[in-house]
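Here the structure is laid out as structure tokens; the discussion comes afterwards.
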Amino acid sequence: MAATLQRIERLSSRVIRVLGCNPGPMTLQGTNTYLVGTGPRRILIDTGEPSIPEYISCLKQALTEFNTAIQEIIVTHWHRDHTGGIGDICKSINNDTTYCVKKLPRNPERKEIIGNGEQQYVYVKDGDIIKTEGATLRVVYTPGHTDDHMALVLEEENALFSGDCILGEGTTVFEDLYDYMNSLKELLKIKAKVIYPGHGPVIHNAEAKILQYISHRNIREQQILTVFHENFEKSFTAMELVKSIYKDTPEHLHKMAQHNVLLHLKKLEKEGKIVSNTDPEKKWKAHL
């Protein structure tokens with residue numbers, strides 16, 4: 001059963017979580033947005049989805065309760081449940097200047113707009129430092145979930161804002177498995193004490209959680225290879241593999257599991273361990 005999260009919660013002396021009020025199968029209890037710092041102006045990490053008045057109300061309440069304002073906004077990646085609230089925040093929460101909204105560029109680069117194009121992103125790069133009173137954030141490029149994904153190290157706490165690279169409950173989806181595994185290994189090197197994830201509760205055993213994620217993906221890959229080795233001459237579609245491997249996963253999540261299996265298959269095919277054919281639908285079999 002998923003943990004119950006408060007809509008507004010002070011997690012440490014410099015981190016306040018404001019829940020995005022957008023619960024769902026992919027967002028868990030909702031998107032975690034964070035106010036970071038200790039002063040009268042703080043950094044907001046992620047913004048939830050568009051047109052969620054409950055979130056804007058909670059964010060306003062948090063700003064009032066902690067007597068602070070938004071210095072700038074950082075979004076961990078381009079997905080709608082992290083960038084979607086930018087326009088509503090800019091319209092509904094007054095600021096003395098236009099909000100600066102920072103993110104990593106897409107890779108390969110492409111034009112991005114905020115809302116109707118009334119604002120543009122300020123792009124940062126791996127290793128950049130973003131400061132506010134009481135908090136120093138270091139940008140870490142962590143592609144895999146998306147091509148523009150960033151994590152942020154909170155230097156004062158040796159804590160990690162992981163975006164959707166690591167979730168508080170369950171596992172995440174990704175676009176590129178090779179990049180994603182490398183990103184997990186890079187996050188492991190940070191030796192963070194705590195992880196503030198993009199969805200779900202705070203993770204206090206950071207190293208164990210990252211190792212669990214790495215192990216989980218390695219186990220999935222081995223499960224796929226086992227199916228091929230035990231059925232050496234047989235070809236499988238991605239969904240056939242899902243039904244063989246994800247037996248304990250609810251059927252409504254099989255499409256998401258298929259996405260992950262396809263990424264494993266692409267990686268294994270690239271490594272020459274399996275081959276594919278498209279007659280009449282795409283199937284894979286073990287490579288001699």
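Just so it is clear, glycine is given a Cβ too, placed from its N, Cα and C backbone atoms.
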Taking Asp164, Asp248, Asp279 as the options, which does Swiss-Prot list with Asp81, His82, Glu118, His199 at the Zn(2+) 2 site?
Asp164
I'd like to confirm something. Which of the recorded positions, Lys102, His199, Ser235, Lys282, has a Cα closest to the Cα of His77 (Zn(2+) 1 binding site)?
Lys102
Say you check the Cα of His82 (Zn(2+) 2 binding site) against those of the recorded positions Lys102, Asp164, Lys282; which is nearest?
Asp164
Helix, strand or coil: which one is His199 (Zn(2+) 2 binding site) in, per DSSP?
strand
